[in-house]
Amino acid sequence: MTKAPISWTARDAERHFEPLGTCRDVDEFEKLNRIGEGTYGTVYRARDRQSKRIVALKRVILHNEASEGFPITALREIKLLKRLRHPNCVQLLDVAVGRKRSSVFLVFEYCEHDLSLLIRHHLGMRNPFKESEIKRILLSILHAIHYLHKQSLLHRDIKLSNILYDRYGAVKLADFGLARETSRLAEDSAEAMLTPKVVTLWYRAPEILFGCDTYTTAVDMWACGCIFGELLLQEPLMPGKTELDQVERIFKLLGRANDHIWSGMSSLPNADAFHFDASQYSYNNIRKVLPDLSDKAEDAIAHPYFREKPFPQESSMMPTFPSFHPDMKDKPTHESRVHSRESVKFGDAFGAPPSAAAAVKKRRL
């Protein structure tokens, strides 16, 4: 791949980076405010000047852009996103570029909230969601995971802040920066040699913590289970501070594991690194208690839990929350996104009501 010019147009980007496909000029979008920032890029709320639609602009971070080609990780994410067409996966609308090569943006449909912020900003309430609504949220996440796994894709970073919630009550899985396609060889076994350090600590499956590099789609399902517990408890299920602490929390909740119930556990790379008194934990008999336990999304979707009262809420009846700008006086939690300190009326595009919490309290009356 040849080096791109420092200054270019959308047409230059299309010619130079063919996998990007058709590109738009970023000047076709009006930036309204910055809403998120992290390792993999900065996210802006913006308005499409042509359609007047509110969108999310995710700026792709390009390291050493003057000396290196377009990062393969970004190309991989764009290629993957262009494949995704599911109502519970956030949709990539366009790719936009600025005048400089370092200005590349992914244009997504805009969702007002993520579940992490909704939970965090409603701590004064009992719970922003009823059990029937939690069931609908969980089903939506499971349908998204099932779709990805059918496409031979692992998300690898499922967590509460990557579950978006729009003003119509729709739930969408987002942030596919760590997603990977399993190899053709691995399609039958659902295994592939993969990076061991993935998934945010609180949602990290035991096989990843123990250094296994041949993990399966089960890592996404484990993270989904952690989210389910977090929605019910309104606090993280296992908020570990270190990998050792995370393993201890798992053993305290589920019981200790061994080679009898987890073949090859003692030979995993990190098995000797975790030194703790196993006698303080009960024996893990989860297979005896739940003999039909499955690590497949389709089996979870068909679980009797979703056919019991209260039934999952109809999608059209899910609660809606007004747009709000997070109170920057609140220190971000481990899972909260970092928001700009710009003074912005976050809900100006839709009419900003007094507060999201007040709206939910009114709905509960």
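Even glycines carry a Cβ here, placed using N, Cα and C.
Listed ranges 288-326, 327-365; the one TrEMBL annotates as region 'Disordered' is 327-365. Neighbour list (Lys58 (ATP binding site), Cβ cut-off 8 Å, at least 6 residues apart, same chain): Gly41, Thr42, Val43, Tyr44, Phe105, Leu106, Phe108.
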